[in-house]
């Protein structure tokens, strides 16, 4: 008995089924199907078909049938000796041998054995006569099939040949540690070594086997399964697997088994059979009362009276039945077993037949090999579950755990739409239902109003509908997938509906309700036919799911700790699991497994859906697992859409109902026909609920309330309406606004406002314009009024059961009111107060109430005609005209009495965190008015005004942006959205048209144009916490406060020059700051010293104006007064600016007060120092005391003229910080970062740049995409959007236009074209955690790091071939990787060993550059510097790449630093054969160290793919085989026929059955293996030239070029121009070579001389001389030395474009340690670059060699000199 979870026994044993306790039992293999219950659960007999023996056979006691001729032959053929010892007719063996049958071999001693035993290596005859074999006859040899091997004893190997005995065993058994051949020849662990191994070595196994983690190593070195350890069997053959085993005790045998003395269990049939089956003879001992066999009772006589099977047990006959039958009570006959009656016998469908059964599967499933269970077709299933703060997915069989959506509030319920690739979820904190794509992108709200506790969610994938339950509103609702046409489906007799499941194929909805009467119910999907499924023994029925294939439902009950199932009608209810369920919440089913979440264990668990067994934990230690679903297409099987393609003809909702459908209307809308709904509401009850405004339609009978979709309703109190314009009006006491919108929520706006009465008011509450009925809500008293005349006394209408009435309205003959305490809306008869009824209850925060209807009588008013002639407000009044004109608050009425001023002239404007307000100084009272900006403000701090254009500017430190809008709230726009942290100060230069700001988070002062463009950092050094900032444009000064550790007040020019500290003592928290230009004074407010002080503009004559002030923040000045905001008093104060006296309160009760500015738009702006034309500056013109200065945006240099800026930085760093991509210019010294405005950045990890197209490529592991964009943030597009998991590394091949990336989640390295096409997996084996990746196109190399279990750095060709491990020792976490193309070295950072190292391209010359770095992640190289990002220090740092010294911090305090790269004209240079015309390849071109290859993508596109460079295969044709392509071999280009032998060999290797002709035509490109091409072959002509004339023309050209090459000193053709090269910039690749003449033929590159080595791989004495791309020969040894010491010092040659590029540093650095062969090999690699450069010599250069700028330098001879 073993307890291995694998339940795997030895090959000579049978594995019984797993017991209920998870234990396993192993029995000898021959005991299977012997009719005996050896396993104890009959699993060894299940499925066995043992027929009744034929009349020609002998029936053994154990049920086995043997030939009658074998009886009494001396062999125990029955294996229980019943054919020999027990058979009564056995006679003494005759002296004469019997006659053997045809299929038997006659032994020399007279015995007959089976022919198959002849020459099998066993002495079966006893006299070895069956083993006297003649191996010369080949016909005696056994021929094995492909999957088997020939193995027997190795006894004859004459003449070098090996003769096998002929036994065939499975090929997979060789070298498996078992002696499957009788002579052990299949396994070397038994000692077959020596001379035999020399002969048959390739077929032998290693002498010492290496055991895996799942194996046990025997003492002999043999490997056996670990589960065989201590199982009671000597599997090792030396008993080493059974040593030191603890006795686990005797097993409990089954009722039909026998317990041996040694604790072993055997079948009862083996008792008293004369065989020692127990091993201790206890089954044959006298104590068992074994009856001697007399022969009277025998299965061979009439089959013992048994109908089917007969066996002898303790000498007595016992009848048994075949599988599929059971023994009846008479003990002899058998009856058919109906297996289909046993639940779970088949996974899905079952058909019973006589003695058998057949399982079958539903559509979309297939029967597994066990013929009982069903497997779903399609991809691997994924468990999708809500985890409150995120939504994740886990693979149930591998427990792989990935994030789908994060940063959620409280995600509870979820479901998916597989066909549309959508996931939906509900958030009970936000009270919203949202959706996103299944890759986590495009999150949007579906339902955002009217939800309280949406705990259940279900998607109808057939009819595209969304259903949900809400236990807060006690409703079940339905809507379209986008939330449109929302309808309350069920609302009566619902208490706490929770889980919901749909069966769209049957048109049924199921849900659980855990209210006071827990139950599970169902109805049609249109809400009809409601019925109870289960209502007993339920308490908290949480989760619910439907097994569509099994036609059952499953649910969990958290209180009863049970998982139950039932048929869909509620019948056959049964508990599946009733133990070990602390608090199950949600459940799903897939195939034969249940999966559920548990709140208590915070885990996902699984079990068998039939038995509840095989429980296991899929994932534990989760945050808070909630709802769960199985993401698989078979969980949403196809069904009939009852609504068809036209929505069933319905105008709104089409809902399935049984096999039909019903047209339904959104909540509150009446149905005007069978298919149409009304387009508007006629009358409805309107009421406020603080956070929303709702309506109850009187057009329908259900009286369900519906939320009007309004934005930013925070505390609605009062209501009214106007049916003429369909407007609803409400007040909001949180935002202090009165707003209006259409009754359907559209057209929302803040109304115009004026102050009518502001004196002698305490707490005004309700207001009516004229009351025909007055109601006193102390008891609801009524007074009937007609023509303003009181007709009768007060009358108490309702005087009881009114705990706290609030709102009241009349409609028709009814009165309606809201009650706070009962949380209900009630009504009664308006005349008697009787007939009270409750319309709605359980409604929190009920406020005002009205009835909207369209029968309000019209009222005549003078304002009805053209607004009374008023420009703004026309109000009725008792004056003779009957009306008066008035203006919005703060605006004066002009003398004509009808027209208002355009706006406020003099006003205060201040920030209040969540809004911006104005206080007019033009009117005699102070009233604040909210600037109606239609956005949500989070934390508005600083504020500024442009009086010229009438715009307000503000900063929001929570949203990290600077915005602006008109003073009337219109034309809002964000001008700065990146690179801001805490913008505390803001100042608008209305004269110079600039905006200045301070940032406490970044400790910078910046400036930009008013639209946010041309942003520049002015001050960044020695700033601690800059706060307030103020400008004095006329003087050219800016002033700011700094409230850091050493608080101070500073001044500089407005261009940042001439910085001076004015005041640095006796300062605490200097907040507000303003300039009094009239008196040349500087004023500031200090919240720590509680004073407002003043001083001269140079800091002298300091004095206190106002003290104490409690906590001043903002400070401003206008005319003779100063104004300030105070946090503690929550008010705005005013005082005289000269004396600080006459302090008054301007406005109070204003929490969240921040900055304040005083504006007088009538004052002149002043003189602009920059004058006209921006002072002649190309970008920024900034005032200073002595005039102005021209400046450039951050990172861009100012040219020598002092006015013009470079268009962009030439060299800069690009780095990612998860949510941003930033740039640091290396052209300037400030090293300040500038955000690249790329949208939709979530979690950016890796970066690279393409200098040709000027695009940045990046990976986003949140969305699992690779994207690219321009550096200005535009043209963002997804390059790779599927099939990614964790893309940590990215590299751009700027020459071949390919993209490479590593995927840590999939452990692959892939490549594609830069646009994402032609995707191909290059490496997918032996990768553990690949991270950083880098390419060297000129060399054709690909480098990457792997920080898995065995960290290493590897190299391969760019096609993934010739893979080589460079470094695999002394590595921890090799994160970043970069290449120094100049010195030919690789650099990497190790975050575990905390150091930066380097080596050459072969992994040699390794050295530690920097040790003791905190946690480096990525690095890059430029010039003499190595730059890297560090997670721990949150900084970018650099050191000298040669010495590792001069460490500097480039940028500090940056969260989430990730990748970093350098963009430079010198970085992406060089070329290769793929650089021109993609090497002639149709799809992918990969450069390699010595050649290049064409390759096809893994997924074919519409274009034919060719592996032959320069050849486009013909597109597939639809015609028959008779219509063949006319392309013939002799019509191919001559260059193609002249391909090298290497190419021919490669073509033949493409497909073994492919001819050379087909291969050359590209017709053999079925394989994705790349075909190598000879250098230059990619430049061949890419189309066939027909006719002999074209061939002759090519030959003439080749001959001319060869002559041209031979007589190179006579180039005099004037038509051949000089080579010119484009000037490289940071946006243009230096590989672009402009040739101002006729392009050279494709064969020209072959004229470039290539060195050839002799047999000893030594080069000839001819050395290389290079002149502008032409490889020439020279016999001058000095010139060879010149080549070694090559320096690029002439500007006329771009070193990376011509063959003369030989790396001096790499040669010099290596010369001290490399031998001559290695040095020459390095030079050979340089020479290989010549073969891919195709340029011409300059015609003017004749005879003599030109001056190349090479310098004769002394060779470096020591390492120190290097």
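For all residues, glycine too, the Cβ spot is worked out from N, Cα and C.
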Range annotated as region 'Disordered' in TrEMBL, from 1483-1515, 1516-1548, 1549-1581: 1516-1548
Which range of 1655-1708, 1709-1762 is region 'Disordered', per TrEMBL: 1709-1762
Cβ contacts under 8 Å made by the repeat 'LDL-receptor class B' (1297-1339) with residues that lie 6+ beyond its boundaries: 402, 1246, 1250, 1252-1253, 1257, 1259, 1266, 1268, 1278-1281, 1283-1291, 1345-1350, 1356, 1358-1360, 1363, 1374-1379, 1381, 1386, 1388, 1401, 1418, 1469-1472, 1474-1475, 1478, 1483-1487, 1489, 1495-1499, 1501, 1568, 1696, 1725, 1729
Best-contacting stretch, by C-beta pairs under 8 Å, relative to the repeat 'LDL-receptor class B' (421-463) and drawn from 551-593, 1080-1121, 1254-1296, 1384-1425: 1254-1296
Spatial neighbours of the repeat 'LDL-receptor class B' (993-1035) far in sequence, C-beta under 8 Å, 6+ residues away: 942, 944, 946, 951, 953, 955, 962, 964, 974-976, 979-987, 1041-1046, 1052, 1054-1056, 1059, 1070-1075, 1077, 1084, 1097, 1115, 1155, 1166-1169, 1179-1180, 1182-1183, 1185, 1191-1194, 1230, 1232, 1234, 1453
Positions whose Cβ lies under 8 angstroms from the repeat 'LDL-receptor class B' (1080-1121), at least six residues beyond its ends: 906, 908, 910-911, 921, 943, 1028, 1032, 1035, 1037, 1039, 1041, 1049, 1051, 1062-1063, 1066-1074, 1127-1129, 1133-1140, 1143, 1153-1160
Helix, strand and coil counts within the repeat 'LDL-receptor class B' (950-992) (DSSP): 0 helix, 21 strand, 22 coil
Local confidence of the prediction over the repeat 'LDL-receptor class B' (726-773), expressed as mean pLDDT: 70
Residues of the repeat 'LDL-receptor class B' (464-506) by DSSP state, where helix covers H, G and I: 0 helix, 23 strand, 20 coil
